[in-house]
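S.K.: Sharing a structure, written as structure tokens. Questions coming.
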């Protein structure tokens, strides 16, 4: 006689065990029709699952985040259904959900083409349009194995043999003649899976191990309705236009090549942006009372063993040997900063010490994960470490938070999401240390009135951390800034200071990064601005061009005036029509184009156009220089004349 408690606190009594869908039907036919699954006592369950005891129940529909994930997971099964009909010999591996969609790894004796993808998608839609029911059948482990043995599915058998207990009751989901195995839940009917798109095929090793067979991974996206799907595909198109790799090539910012995977070759214009970012951060370091240091990029293995990196981070570290000593190229700057702190006696009066570095770091990221500037092996971190007392934690973390928001606002990022990552399973330090560290960060966030999400187990091995994620113009989130509290590393490296009573205490170390990897941040802002960098970041801030050869000397005079004022400017004296020059520099996203004709020479002025095509009219040269300098000084995001 189960009593079902609903989210609003109301209760429904049933004489017999009842399914999730039957509870929904008792509430209303509209809700029953919309039911995808249920959350029983906090656990997601299929709509057909039976509730035998008193329970809480929340109905899951397509409006819920869980409902959308279930739709995507069921679309992966729908993909399996379709590809099995088109390619009966295909072997199915795994088909999980991912952000915004799903994928399925398949083993097929031919390479899938774009035409194949379109055919599979067409068959998926045909099947979904029949609105067939998805039937869940719990079976014994042996029955599941026998089923996949008969169907010739070696990967499903491997999952059963290696990942599922013999005493378990696996669930088989029947999509008409197609059978898949899953924890579920799944949609009860394919009418929920009508809005999807197959996107691409990529290679993927079985179990992610390069020693195993290479499979083909089919990626897709799925949404609750046509509007959501269309909006997502539109965002993808816009993201493709903004791809920093494409823009970086078009604007000649950088390149990468096979001989140095994950390493950036900065060209002049890209390096200009890089140096401007460094200069900007340096002004903030001075404002927030940091000292800037520089540590070695390679240190002996012995030091990395003391820090715990060798035991916890070795897979991501590049190593080398010399004179019978083993060295590691630093993946992060913190151990070097502790060495600098340890030089000379420190008193409590010296604290806090805020130590910053634009540190050149290297991490041996898997080659398959490398992605333009967003995921590299060699990068520069705008890193800092603050050595302080426990009493200073809240005020120092508060100052870090203020600095983060201060810097991000300069780039126009105002949607910032905060996450607190707590202790991972693989960590150093005692639990009481972690208790104090997590409490310290939590207190600082609360004191600053910040809402935050807790990410259990996502902290670094040496301490918990606050993460700051930026939401860009396409709604994507980029995790950049971090503030981490560390009681362990200073102790391991014998850092200490003299207290007021002349005893020795270990300082707390706060790890702080704001841009994170400068390389990655350039990738982010390249996509955010679509290459239309604000004038203070633009590699070339203005181009001065002539109409005929008779204005060449005047152009050079204007260029000199701008250059002497500290602006980045160049002349275009080519024997081309001025319209051609304007179009070319517009494509290069140069903020301002200054045109000099005979009239401008006579009046001692320049005609100014923006890269967005707006004609700003004529300016006295001195007046334009002052306006441009003001834009650079205040780091304006918009050009003159822009709303």
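Note that Cβ sites are derived from N, Cα and C of the backbone, with glycine treated the same way.
Values in this document were obtained by computation on a predicted structure and should not be read as measured data.
What Swiss-Prot records for 334, 385, 511 is Zn(2+) binding site. What Swiss-Prot lists as domain 'TGS' is 1-61, and the listing cites sequence analysis. Annotation source Swiss-Prot lists region 'Catalytic' at 243-534.
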S.K.: Tell me which residues of the chain lie with their Cβ under 8 angstroms from that of residue 385 (Zn(2+) binding site), as long as they are six or more apart in sequence?
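M.R.: Non-local contacts for residue 385 (Zn(2+) binding site): 333, 334, 337, 338, 354, 355, 509, 510, 511, 512.
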S.K.: Find, among the binding-site residues listed as 334, 511, the one whose Cβ has the highest number of other Cβ atoms within 10 Å in the structure shown.
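M.R.: That would be 334, with the most Cβ atoms nearby.
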S.K.: Should residue 385 (Zn(2+) binding site) be counted as helix, strand, or coil on the basis of DSSP?
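M.R.: Reduced to three states, the DSSP call for residue 385 (Zn(2+) binding site) is strand.
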S.K.: Using an 8 Å cut-off from the Cβ centroid of 334, 385, 511, can you name the remaining same-chain residues around the Zn(2+) site, in sequence order?
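M.R.: Going along the sequence, the neighbours come out as 332, 333, 337, 338, 383, 384, 484, 486, 489, 509, 510, 512.
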S.K.: With H, G and I counted as helix, E and B as strand and the rest as coil, say where DSSP puts residue 334 (Zn(2+) binding site).
M.R.: helix
S.K.: Using DSSP, tally how many residues of the domain 'TGS' (1-61) sit in helix, strand and coil.
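M.R.: Helix, strand and coil residues of the domain 'TGS' (1-61) number 14 helix, 24 strand, 23 coil.
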